[in-house]
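Below is one structure, written out as structure tokens, with a few remarks after it.
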Amino acid sequence: MAKRDFYEVLGVERGASEAELKKAYRRLAMKHHPDRNPGDKAAEEAFKEANEAYEVLSDPSKRAAYDQYGHAGVDPQMGAGAGGAGYGGANFSDIFGDVFSDFFSGGRGGSRGGAQRGSDLRYTLELDLEEAVRGTTVTIRVPTLVECKTCDGSGAKKGTSPVTCTTCGGIGQVRMQQGFFSVQQTCPRCHGSGKMISDPCGSCHGQGRVEEQKTLSVKVPPGVDTGDRIRLSGEGEAGTQGGPAGDLYVVVNVREHAIFQRDGKHLYCEVPISFADAALGGELEVPTLDGRVKLKIPEGTQTGKQFRLRGKGVAPVRGGAAGDLMCRVVVETPVNLSKRQREMLEEFRGTLQGDTSHSPKASGWFEGVKRFFGDV
């Protein structure tokens, strides 16, 4: 069967650069590697074909011979004289370092056949606004995996010890022959630990770790907000084979407040006032996180008017000046009027008839309406 053109195999032009050749080969090698296509003869042949093409075209002298004589220039069995293209002369280490590093190691992180770091944990901490602003210390209970005290984390029954895995010799990896290449994979017997337990611990069933509710004290600094994380180093799950424990990340969630809304270091609230206070002005008390303060309302205040109380917000957790408290006025319409109150309001309304100087917004609005209908 005639061989395909090597450039065609890799899917590149004849003038392709070294980088383009390498990129094309990596793509094909990942696609057709036997470990990704077990039992697929077509994929195995495509993998071999890509290897052969790259082995020739990545070597400048072999590529020159191939460009001049074709397959005859690199295949001694076809009779030309540029030298053979045996597989043993190719160096694919740079390719494999990029393409198959995770693939060969079974996709597992950490050291082979040794200690493994424990997993990190996440805990959501619910806080009131006052606790978040002032800081607090809370006690939490976290379900986690801790080192088994019965076997000291070895997984073996007390008085015994794990033995070296006879399949991998204790390194946690085995070599598998895949076509022209020797591929390193996680040992299927010990699952990468390098050790075997013939008599497992009865408490942890050979795992070296047991489930436990861990009680921890968490110091919350002043100024934290929803989404902030507090890291407790070493308070995550215990490691295996003597590996270090992971970390615990306490994620803050601040509950909604009945009065205040928070935006960064600033606080916002709505202050309801009577229409009499809005018209005549006055002074009222408003709440802050530090206690009550007096707020002066000027006469003629409208709904939506915002007053700023400087420094009455939140001091940021990372330092800096405290924010402000923004008080937005809402003028309330009176309800459930008495007879006398209704009479007084009727009398008041009568004094406004035909006089728009007391309601500048209404005056402008009605003038706009007249113009609108006049244009229509």
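Just so you know, glycine gets a Cβ as well, placed from its N, Cα and C.
Note that the structure is a prediction, hence the values are computed from the model and not measured.
According to Swiss-Prot, the domain 'J' annotation covers 5-70. Annotation comment: Swiss-Prot describes 135-213 as zinc finger, evidence class sequence analysis. What Swiss-Prot lists as repeat 'CXXCXGXG motif' is 148-155, 165-172, 187-194, 201-208. What Swiss-Prot records for Cys148, Cys151, Cys201, Cys204 is Zn(2+) 1 binding site. The Zn(2+) 2 binding site feature in Swiss-Prot is assigned to Cys165, Cys168, Cys187, Cys190.
For Cys151 (Zn(2+) 1 binding site), the nearest of the binding-site residues by C-alpha distance turns out to be Cys190; the candidates were Cys168, Cys187, Cys190. Comparing Cα positions, Cys148 (Zn(2+) 1 binding site) lies closest to Cys190 out of the binding-site residues Cys165, Cys168, Cys190. The repeat 'CXXCXGXG motif' (187-194) makes no contact with the repeat 'CXXCXGXG motif' (201-208): fewer than 3 of their CB pairs lie within 8 A, with pairs spaced 6 or more apart in sequence.
The Zn(2+) 1 site, placed at the center of the C-beta atoms of Cys148, Cys151, Cys201, Cys204, has further neighbours from the same chain whose C-beta lies within 8 angstroms: Lys149, Thr150, Asp152, Gly153, Ser154, Gly155, Ala156, Pro200, Gly202, Ser203, His205, Gly206, Gln207, Gly208, Arg209, Val210.
For the pair Cys190 (Zn(2+) 2 binding site) and Cys204 (Zn(2+) 1 binding site), the C-alpha distance works out to 17 angstrom. For Cys201 (Zn(2+) 1 binding site), the Cβ neighbour count at a 10 Å cut-off comes to 22, with all displayed protein chains included. Cα distances from Cys204 (Zn(2+) 1 binding site) to the binding-site residues Cys165, Cys168, Cys187 are smallest for Cys165. The distance from the Cα of Cys168 (Zn(2+) 2 binding site) to the Cα of Cys201 (Zn(2+) 1 binding site) comes to 23 Å.
Counting same-chain residues at least six beyond the ends of the repeat 'CXXCXGXG motif' (148-155), those with a Cβ under 8 angstroms from any Cβ of the stretch are 161-162, 197, 200-204, 206-210, 238, 240-242.
Compared over the binding-site residues Cys151, Cys165, Cys187, Cys190, the count of CB atoms lying within 10 A of a residue's CB peaks at Cys151. Cα separation, Cys201 (Zn(2+) 1 binding site) to Cys187 (Zn(2+) 2 binding site), rounded: 22 Å.
When averaged over the domain 'J' (5-70), pLDDT in the model lands at 87.
Every protein chain considered, the tally of other Cβ atoms within 10 Å of the Cβ of Cys168 (Zn(2+) 2 binding site) stands at 24. Of all Cβ atoms in the shown protein chains, 22 besides its own fall within 10 Å of the Cβ of Cys204 (Zn(2+) 1 binding site).
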